[in-house]
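Trainee: This structure is in structure tokens; I'll ask about it shortly.
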């Protein structure tokens, strides 16, 4: 076994020591043969609309002539684990008269602006639990009302009248899951919304364009059953600047600083990089990966293997795997399920990692290496993962670079586990 691990080490660093040239991997290169673990239920029915494709440039937009609209009531069912994002955004007669329905810090929020004033209202109903909920939005006299189920949860008085709207030639536009493409509008929260819609009725008008979109592209559909977590498709990573994980309690210049990373994951394939720190020169300062050949978990610091751990038999069972890594000045401690292992590290290695961590331009990469690394194409993780860094949950929607195939807050459920919604 030691000979096998040593051979892997040589191969690993032959691939990774020059992490300079860009690497990429096309979807077509991920073959069914690689699905060596327990599969997910990735069924995507054609009546379920995914709202989270705005990062890849696809935003469903509806347009109706105002003169042909007889009702401003819309309804749909929504399902999400995402705590914030745009459910839909609409304008009427131009960008200065608009309406926004969103989730912000788990709360439903309405924003309205017209030629007279702007209003924002939110309320305390949390719908980010993965359950289907019917939402109705309607205009009543001078107010906009939002219902969840049959309960009225929001009512906003709409100041002024749309006196400047050309009702004969004007249009009502609705963007689903995002702002309109090329919008310059800024919000107090991130607009991307990892959610799913079904059974919609937009202002009681035909929305056949959505049916066409769903029939022509499977990427526009939702999974039938979902579970919480971030889905990595096996051909892209999420990348953060390391400085976003700094806080008063985790200041890398503070005495006694250490690095704590917690991972919960379910792999579709039994290899790939789960977590990596890459400095501004594209050197890999620290990484946690599953090796394709040895089936071991490999931990590296700088250009050295810091530790290797046999994968448990449950790795590919469809059960979630839990890992906690703690790196201190003298030791690297690893907890995987009920097993715990510790390795000694040199003060020099720790200082090099600490220096890289606080260096501007250092990247934290999840689900693979950054594309600037030549080994990126062979590094990608395929599966579901939840991550905490320095004790804080990581939201992939806040990544500086995120592959369009990553779904930040939802995963397909495994075929035999009852955790899907």
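Cβ atoms are placed via backbone N, Cα and C, with glycine included.
No curator has checked TrEMBL annotations; they are predicted automatically.
Feature list, courtesy of TrEMBL:
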DISULFID  384-411  disulfide bond
DOMAIN    48-222  domain 'Laminin G'
DOMAIN    233-411  domain 'Laminin G'
SIGNAL    1-22  signal peptide
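I'd like to know what surrounds each of these features in this structure.
Mentor: Sequence-distant neighbours of residue 384 (disulfide bond) (same chain, 6+ apart, CB under 8 A from its CB) are 40, 227, 229, 230, 231, 232, 265, 266, 411, 412. According to DSSP, residue 384 (disulfide bond) sits within a strand segment.
If you take every residue in the domain 'Laminin G' (48-222) and average the pLDDT, you get 86.
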Trainee: Near the Cβ of residue 411 (disulfide bond), how many other Cβ atoms are there if near means within 10 Å?
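Mentor: Total other Cβ atoms inside 10 Å, all chains included: 26.
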Trainee: Three-state secondary structure of residue 411 (disulfide bond) from DSSP?
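Mentor: Where residue 411 (disulfide bond) sits, the three-state DSSP reduction gives strand.
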